[in-house]
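Trainee: Take this structure first; my questions come after.
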Amino acid sequence: MEKLYDSYDRLHDYVRLSITDRCNLRCVYCMPKEGLPFFPTDRVLSQDEIVQLIENFAAMGVSKVRITGGEPLLRTDVVEIVRRIKAVDGINDVSITTNGLFLAKLAKPLKEAGLDRLNISLDTFKADRYKKITRGGNIQQVLDGIAVASKLHFKKIKLNIVLIKGQNDDEVLDFLHYTKDHDVNARFIEFMPIGNSLKTWQKEYVGLKNVFDTCKDNGLAYHPIVLRGNGPSDNYQIEGYEGSFGLIHPISSKFCENCNRLRITADGYVKACLYWNEEIDIRSAIGDPVAFRKLIQKALDNKPLNHEMAMSETDRIIDKAPTWRHMSQIGG
C-alpha cells in the first residue's frame, strides 16, 4: 500500500468529509445571516459516492474519517452513511461533528452504526447567548443530546467552544467547571478569519491565554495529558476533575507541523489546507482509483507548509489566496 505524503513528508491518514453544506443554525463564525444559498441536492455527494470515495482513501492508508457539514445530522441517511463507512476495510475510527440539535434522537442509532466519537458545538451555557450566537438555536435540545450521548459509552465526547471577544469569553470558568463531573473534553478554539470580514475577526478574536489565566486566578491546578484521537488540540486535566480541556490555537500557535488531514467538501472537492483557496474537483474520478489517487497526490504536492490565517497581524506576504468558502461550505 502506497500511503499519502505531502511534499513536507507529512503522512495523511485522516479525512474530514462534509456530507452537506446545509445547517439548521447560522452561527456567527460559520455562516452569514443571509445571502448564502445552499447547494442544490444533485451537487452534493450521494451516499454511494461517499462510500466509494472512502474506499479509495482506505486503499491509500487512510484509517480515520470525521463526518462534518453543515449539519451532518440533517441528512436522513446519516446513520447508514456511518454504518457503511465503518464497514470499509481499513477504516477504524469514525467520528462526527454536530451542533447536537438532533442528537437526543440519533445518538443511539449512530452508536449502533459504529460511530466512535462525537464533537458537539456548544459556545455558551446561556440560553439567550446561544440563541444570539447561533441565530435562533434552542440550547436545551443540545444539552438533552449531550445527556443522551453521555450514557452510550462513545470513545470520547468533545465540546467545541469558539471563543469570541465580548460574546462568550467570560464563560471559560463555567466550561472548566463542567469537566469536573462530566467525562468530556471541553475544547477552546480560537476564532478563525474564514468567511468573515477581516475587520470583524480582528475585533472579536481572543487568544487562549485567557484559559490558563482563568485556571490560575481560580486556583485550579492542571497538568498536560495525551488523548487518543485525531485533533490538533493541546490537552489538560484539572486535578480531581473527571473530564479535561483542550486548546486549539491556529492563530497564536499554529498546528500545521503535524497536519495529517485532507478535507472533502460536500460537492466533491479536496482541500489540502483549510485556509487556502486551492481545491481540486475529485468527484468525476471517484470511480477510477488511479485517477483519484493522482488528483489527491496533486493536492498534497501543492499543500503549503503552514496556513497564514494571522497574516493581517504581520508584515508577511501571503503566498496563496485565502479560501473564498464559508466554513459551512468547507466542513467544520
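Cβ from N, Cα, C; glycine included.
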Trainee: Can you find which of CYS215, CYS273 Swiss-Prot lists as binding [4Fe-4S] cluster 2 at the same site as CYS256, CYS259?
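Mentor: Given CYS256, CYS259 bind [4Fe-4S] cluster 2 in Swiss-Prot, the matching entry from CYS215, CYS273 is CYS273.
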Trainee: If one measures from the C-alpha of CYS23 ([4Fe-4S] cluster 1 binding site) to the C-alpha of TYR29 (S-adenosyl-L-methionine binding site), what distance in angstrom results, rounded to a whole number?
Mentor: 13
Trainee: Within a 10 Å radius around the Cβ, which one of these binding-site residues has the most neighbouring Cβ atoms: CYS27, CYS30, CYS256?
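Mentor: Result of the Cβ crowding comparison: CYS30.
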Trainee: Ranked by the number of other Cβ atoms within 10 Å of their own Cβ, which of the binding-site residues LYS158, ARG261 ranks first?
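Mentor: Answer returned by the neighbour count: LYS158.
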Trainee: If one measures from the C-alpha of ARG263 (GTP binding site) to the C-alpha of MET192 (S-adenosyl-L-methionine binding site), what distance in angstrom results, rounded to a whole number?
Mentor: 17
Trainee: Of the binding-site residues CYS30, GLY70, SER121, which sits closest to LEU262 (GTP binding site) by Cα distance?
Mentor: GLY70
Trainee: For THR97, SER121, listed as binding-site residues, tell me which one has the smallest number of other Cβ atoms within 10 Å.
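Mentor: Lowest Cβ count within 10 Å among the binding-site residues (THR97, SER121) is THR97.
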Trainee: Note the mean pLDDT of the domain 'Radical SAM core' (7-221), expressed as a whole number.
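Mentor: Taking every residue of the domain 'Radical SAM core' (7-221) together, the mean pLDDT is 94.
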